[in-house]
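I have placed the structure first, in the form of structure tokens, so that the comments after it can refer back to it.
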Amino acid sequence: TKYFLVQTLAAALILFTSTINTWQTGQWCVSHTSTTTMLALAAMLKLGLAPIHFWYPEVIQGSTLYTALIISTWQKIAPLTLLYMISHTATTALMSLGLASTLLGGWMGLNQTQTRKLMAFSSIAHMGWLMIALALSPSLSTTTLLIYIILTSTMFMALAQSTTKTTMDLSTTHSCYPTLMALLMLSTASLGGLPPLSGFLPKWLILKTLTTTEMPLMATVIALATLPSLYFYIRMTYLMVLTSPPSNTTTEHKWRMHMNPPTLMMILMSMSLLLLPMTQALSNTT
């Protein structure tokens, strides 16, 4: 119900903005300052960006993992398209919102124990990086969005396969699914942006673009804002690997689950770990 009400409100605001813009300018292209601001506000509401993000973690927590995956990836494409259209007229606003979302997503995720809420605040932080990329270069934002979708899809599908609901479940799940948990650990590190994994690629390109456009202060602030997010990713990795009891017997564990992971999940997991060698090609296109 909360998701339906929020999306309905945002859609109504978009229609209202389009009508006002057409009445003022006589065309459907949104170019007036006030209507551009209203359209950006509606897209922010749909995306769950800070400071109007409060509905997003609750909706993700109340959904199944695959539903949360759709909300966190596919449902973000339409509002991002709207922001793509007005990115050249709202650069300062996008940079400010991106910085706020990056800071808030990291700090709010520190005290979470539910994996769904952790992924929700992780999504908010990544949307912050995406807003900054959108303000800098639309092609760079496309690269950032694709890698975000790959990483988020990998995490949600792996959590769904292991039926993990809280961070404390990670230590016990490692004994049942050792291979999956090892790959999930690497995917978590990639989501945190650690080199040489794929998640480092968009952050590297964004920071490089910020420094070449003479915005070193902004680059420094968002790099530091990533540290809280990186902390709770590393905490998840610690719970997955270092808190599980030792298992040094040579006999086969009959109680281990026989898992057949989906082919799509394995492809996405490989992409979430091994895309960094494509940095040169992607940086040339952005």
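In case you wondered, yes, glycine gets a Cβ from its N, Cα and C as well.
Straight from TrEMBL, the features:
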- 30-223: domain 'NADH:quinone oxidoreductase/Mrp antiporter transmembrane' (DOMAIN)
- 38-56: transmembrane segment (TRANSMEM)
- 92-111: transmembrane segment (TRANSMEM)
- 118-139: transmembrane segment (TRANSMEM)
- 145-164: transmembrane segment (TRANSMEM)
- 176-195: transmembrane segment (TRANSMEM)
- 215-234: transmembrane segment (TRANSMEM)
- 230-282: domain 'NADH dehydrogenase subunit 2 C-terminal' (DOMAIN)
- 264-283: transmembrane segment (TRANSMEM)
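Residues belonging to the domain 'NADH dehydrogenase subunit 2 C-terminal' (230-282) score a mean pLDDT of 67 in the model.
The recorded stretches the transmembrane segment (92-111) and the transmembrane segment (145-164) do not share 3+ CB pairs below 8 A when only pairs 6 or more apart in sequence are counted, and are therefore not in contact.
Listed as Cβ neighbours of the transmembrane segment (145-164) (distance under 8 Å, sequence separation of 6 or more from its ends, same chain) are residues 64-66, 68-69, 72-73, 77, 80, 115, 119, 122-123, 126, 130, 170, 173, 176-177, 180-181, 183-184, 187-188, 190-191, 198-199, 201-202, 259, 261-262, 264-265, 268-269, 271-272, 275.
Nonlocal intrachain contacts for the transmembrane segment (118-139), taken as residues 6+ away from its ends with a CB within less than 8 angstroms of a stretch CB, comprise 47-50, 53, 56-57, 60-61, 68, 72, 76, 80, 83-84, 87, 90-92, 94-95, 97-106, 108-109, 112, 145, 148, 152, 155-156, 159, 167, 191, 202-203, 205-206, 209-210, 213, 218, 222, 225-226, 229, 232-233, 236, 285-286.
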